[in-house]
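Structure, as structure tokens:
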Amino acid sequence: MNVTLRPPLAAAPRRPDGAGSVQVQMDPNLVIGTARVFSVYGKGGIGKSTTSSNLSVALSKLGKRVLQIGCDPKHDSTFTLTKRLVPTVIDILEQVNFHSEELRPDDFVYQGYNGVMCVEAGGPPAGTGCGGYVVGQTVKLLKEHHLLDDTDVVIFDVLGDVVCGGFASPLQHADRALIVAANDFDSIFAMNRIVAAIQAKSRNYPVRLGGVIANRSAATDQIDKFNERIGMKTLAHFPDLDVIRKSRLKKCTLFEMEPSPDVERAQNEYLRLAASLLAGVEPIHAVPLKDRDIFDLLGFD
């Protein structure tokens, strides 16, 4: 039997800003400017939008002009701030056949609680398009309308734990990346993958890892164990308080809830976190684990 051997395939060149992955290349002119920029990541359903929205309000309570950008096709990042699901940038652009010059700022920027400005970038339909394009178009619009000139802090609230080139694109604008995680295996496993993505981006962009925000957890023993192993640190801790769940159902932030010891406790922790971020958190040079090593590290003997 004659067998035809194919010549070996040449190795694909590695992209400059990722561990061999295909990354979305952003326009180098799309620089946000002088605002402090934070990207919030974490496992899907862990409370990133709740964390982002309450952090945005806390920053505004400290006198800062804050812009929150939701980067999720569900476009529900800012609904506790605006009390509704606002149209996405992509929805608005489609209405004008992507002629962005026809848009005004109030077509896609909405004012939320305590003056926090809100934008929902949205995303392409499932299975199509690229989230990086959506983020790029959003930043481009904000730049064209000079909306970033009067902003002190930008918060990117990013889809789930997706760290592909598209939804990793906010890292290309961020100063610090924050990870929301619970004290459980799935959250920490996702956090480890996100750490790897952030470290890959930091080779060619200013973004650095800022730390983890422990959420929905009475204890932090597993997070602490992981942090000690890879060189991470916890920036804030929010227990699984029922007032946080109720605030989402009431479509409001914690800063609008009726006063109670738990509400005050959570508010104070958000204000403390906001103040520490404004003061500047040292960059973390964590070394992510191999997947199998996490299985060996976490849990009980």
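Just so it is clear, glycine is given a Cβ too, placed from its N, Cα and C backbone atoms.
Of the listed candidates (Lys64, Lys74, Lys83), Swiss-Prot assigns Lys74 to the same ATP site as Gly45, Ile46, Gly47, Lys48, Ser49, Thr50, Asn215, Arg216, Pro239, Asp240, Leu241. Segment annotation: Swiss-Prot labels region 'Disordered' over residues 1-22 (candidates 1-22, 111-132, 243-264). Counting every protein chain shown, 22 other Cβ atoms lie within 10 Å of the Cβ of Gly47 (ATP binding site).
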